[in-house]
Amino acid sequence: MTSRKKVLLKVIILGDSGVGKTSLMNQYVNKKFSNQYKATIGADFLTKEVMVDDRLVTMQIWDTAGQERFQSLGVAFYRGADCCVLVFDVTAPNTFKTLDSWRDEFLIQASPRDPENFPFVVLGNKIDLENRQVATKRAQAWCYSKNNIPYFETSAKEAINVEQAFQTIARNALKQETEVELYNEFPEPIKLDKNDRAKASAESCSC
């Protein structure tokens with residue numbers, strides 16, 4: 001029986017400062033939540049081994065700073081991503097409005113092979129708070145307009161839907177990784193034009 005190689009899935013979490021990106025990651029990986037807010041500087045990541053459809057994979061979850069001055073770090077952190085998680089705060093409408101720019105920024109920086117079908121997942125966080133400002137239907141409509149992105153409403157504090165959301169993230173990331181592997185195993189043939197063939201023929205001539 002041949003053993004499958006270990007799979008590393010790179011997941012990027014994006015969104016404005018204070019929406020709960022770090023808290024969601026810590027709740028999922030460490031089952032912990034802290035009320036003390038500490039802004040992420042640059043980027044940080046945690047890893048977690050999970051089973052996805054009977055396959056053991058390692059998720060490398062990158063938590064990036066939401067401040068604009070750190071967006072220039074993007075290329076190094078975004079490249080090679082298998083899934084991108086967009087997070088907004090349901091009590092802060094402005095964090096929802098910026099999802100478009102975060103999505104566009106990721107696609108520019110990461111340059112995925114198939115941007116139209118690259119897997120995103122959207123999390124509407126902080127549903128444990130009472131002063132909700134962004135309606136579920138509004139968020140669902142936005143996700144539907146962007147190639148039907150999966151949408152979850154979460155609470156990092158109360159651990160609501162966090163596990164379920166990351167299961168979907170892992171499954172979609174694994175699907176993306178598998179498609180990239182297949183693409184790399186069967187690259188498109190290189191087509192030579194007449195000049196290239198003539199040049200190759202001349203170089204191989206022994207006379």
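Note that Cβ sites are derived from N, Cα and C of the backbone, with glycine treated the same way.
Per Swiss-Prot, the residue from the list Lys194, Lys199 bearing the note ubiquitin cross-link is Lys194. For the ranges 28-41, 42-55, 84-97, 140-153, the feature annotated in Swiss-Prot as motif 'Switch 1' maps to 28-41.
Checking Ser72, Ser155 against Swiss-Prot, you find phosphoserine recorded for Ser72. Per Swiss-Prot, the residue annotated ubiquitin cross-link among Lys21, Lys191 is Lys191.
The motif 'Switch 2' annotation in Swiss-Prot falls on one of the ranges 3-18, 67-82, 115-130, namely 67-82. Annotation note: Gly20 (GTP binding site) sits in a coil segment as assigned by DSSP. Under the DSSP three-state reduction, Asp63 (Mg(2+) binding site) is assigned to strand. Compared over the binding-site residues Ser17, Thr22, Ser23, Asn125, the count of CB atoms lying within 10 A of a residue's CB peaks at Asn125.
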